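Before any comments, here is the structure.
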Amino acid sequence: MSDAYAGLGDWTPEALGVDGAVRPVVTAPHPVLSREGGAVDPTAAETVRLAADLIATMRVAPGCVGLAAPQVGVGAQVFAVDVTGHPKAVTVHGTFVLCNARVVEATRWKPGREGCMSVPDLTGDVKRASRLVVEGDLPGTGAAVRLVTDGFEARALQHEIDHCAGLLFLDRVAGAHAIYQRKVYL
Amino acid sequence: MNELAITVIGRDRPGIVADVAEVLARLGANLTDSTMTRLRGHFAMTLICVGPAAADVEAALAPLAGDGQLLATVRAVTPDGGAASGGEPYVMAVHGADRMGIVAAMTRVLAEAGGNVTDLSTRLAGTLYVVVAEVDLPPGSAGELAGRLDRAAAELGVEVSLRPADPDLL
């Protein structure tokens, strides 16, 4: 096991012990996307089910590298991320779900163009930290984790943590001429 | 439902956007896509709205142009379905010493490759001229096009770069 996995320990999606169901993804201007999600009990059965559902829903969406609970209509601080195989990813922690996550260190800010399943027709230029430290709880065990990451995985984590705080990339867009009609729908 | 293309250009001052938007709202014209910037200090806004007849909007905007400092035009346009281009999005950036014909030459190279410019800004700052264009390119054409842009830029004595503008789906 590489150092990159140290933060997750031996957690895997299988440790959730339930099969996830694919849930419908909601799109803006749905109000749940603009409300701060509530903190959750990471050991609660409903949190574990939600975590499994987020992974299942993320996996059926082509090109999707992250999905937050508000995007499936649940106002909770839970999200799934998996940037495995993405060409821009450097550090990769595989598939994981975090509850009650917060950014504790963010440095080396870089611009990049983002799209979101919940804003399907637009993209926007957004600055994100390319070095990131995040703390949160793992669903199921409830273990507290500290993840150190960078590059594309860092961008994905910030995007999902924003969802849990009721923010879309539109709230962080770099300027009046930094939103674009989406040209390719993956 | 009428779709109208409106342009408002003239001497900048605080409140032009609010004034124009208020007139449109009062008429029940729904402002859809718009862009506004200042071009060499001039206020410049282009927008599409849906609703009333062009003549009614023109008449309602006329008082804004009453002092001769603003020009507002309104024309009916055929709704465009906004069909997906299927092209690959790229950004072309050009900069160098100002001279005649930079935009003409560089965008001609894009056009001849089947590229469609979807967003464009040019700025003259002192003697420095800058062009930034978003362009949809036919799939697989970027490599060869980059070479042709390099040659055109060399003839003009300017620098050019072409890079993918692919968004990351998160």
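Each Cβ is built from the backbone N, Cα and C atoms, and glycine gets one as well.
Around A:His163 (Fe cation binding site), the same-chain residues six or more apart in sequence whose CB sits under 8 Å from its CB are A:Leu33, A:Gly37, A:Ala68, A:Ala69, A:Pro70, A:Gln71, A:Phe79, A:Ser118, listed in sequence order. Sequence annotations record features per position, and here TrEMBL assigns Fe cation binding site to A:Cys116, A:His159, A:His163.
Look at TrEMBL and you will find A:Glu160 tagged as active site. Taking a C-beta cut-off of under 8 angstroms and a sequence separation of 6 or more, A:Glu160 (active site) has the following same-chain neighbours: A:Gly66, A:Leu67, A:Ala68, A:Phe79, A:Ala80, A:Val81, A:Ala101. DSSP assigns A:Glu160 (active site) to a helical segment in the three-state reduction.
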Note = With neighbours defined as other CB atoms within 10 A, the best-packed of the binding-site residues A:Cys116, A:His159 is A:Cys116
DSSP three-state assignment for A:Cys116 (Fe cation binding site) = strand
